[in-house]
Amino acid sequence: MKKQVTIYTDGACSGNPGPGGWGALLMFGSITREVSGSSPATTNNRMELGAAIEALALLKEPCLVDLYSDSSYLVNAINNGWLQRWQRNSWQTAAKKSVENIDLWQKLIKLLKVHEVRFHKVKGHSDNAYNNRCDQLAREAIKKTS
């Protein structure tokens with residue numbers, strides 16, 4: 001039976017594009033792990049995707065994951081079938097434009113083949129303590145880039 005893991009993620013950018021950071025909480029039973037990272041020049045969406053990728057990549061075996069994010073971009077791409085359509089359409093949007101962040105989407109796809117992940121949208125900057133902690137981690141990571 002797969003381990004059940006809960007992950008909260010958030011990405012932030014000071015300017016968009018600009019210096020960015022991401023934060024994640026991984027929870028398994030009574031264990032909670034906090035991770036974060038940054039990039040000197042990036043976008044908010046790249047940090048949102050990066051947070052999910054980095055968190056999932058830390059899992060040492062296939063897991064059943066509930067991943068919570070305040071990123072509509074990330075959650076809708078998965079839950080509304082955008083990601084599947086983009087792949088079928090040679091990474092073109094419905095408007096026939098190139099999908100942004102293909103490199104990160106491809107990394108995420110590989111991880112989604114390993115783990116069974118359910119994506120959940122949470123309201124950002126509200127009363128969700130886990131999401132707020134991820135936001136704090138992301139913002140602290142940005143400070144380390146300057």
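Just so you know, glycine gets a Cβ as well, placed from its N, Cα and C.
What Swiss-Prot records for Asp10, Asp135 is Mg(2+) 2 binding site. Under DSSP, Asp135 (Mg(2+) 2 binding site) is assigned to a helix (H, G or I) in the three-state scheme. Under 8 Å, Cβ to Cβ, and six or more positions away along its own chain, Asp135 (Mg(2+) 2 binding site) finds Asp10, Ala12, Gly23, Gly124, His125.
All chains included, 27 other C-beta atoms sit within 10 angstroms of the C-beta of Glu48 (Mg(2+) 1 binding site). Taken from Swiss-Prot, the feature Mg(2+) 1 binding site covers Asp10, Glu48, Asp70, and the record attributes it to sequence analysis.
Across the domain 'RNase H type-1' (1-143), DSSP classifies residues as 57 helix, 49 strand, 37 coil. The annotation domain 'RNase H type-1' is assigned in Swiss-Prot to 1-143.
Apart from Asp10, Glu48, Asp70, the residues listed for Mg(2+) 1, the same chain places the Cβ atoms of Thr9, Gly11, Ala12, Met47, Ala51, Ser69, Ser71, Leu74, Gly124, Asn131, Cys134, Asp135, Ala138 within 8 Å of the centroid of those Cβ atoms. Neighbour list (Asp70 (Mg(2+) 1 binding site), Cβ cut-off 8 Å, at least 6 residues apart, same chain): Asp10, Lys121, Val122, Lys123, Gly124, His125, Asn131.
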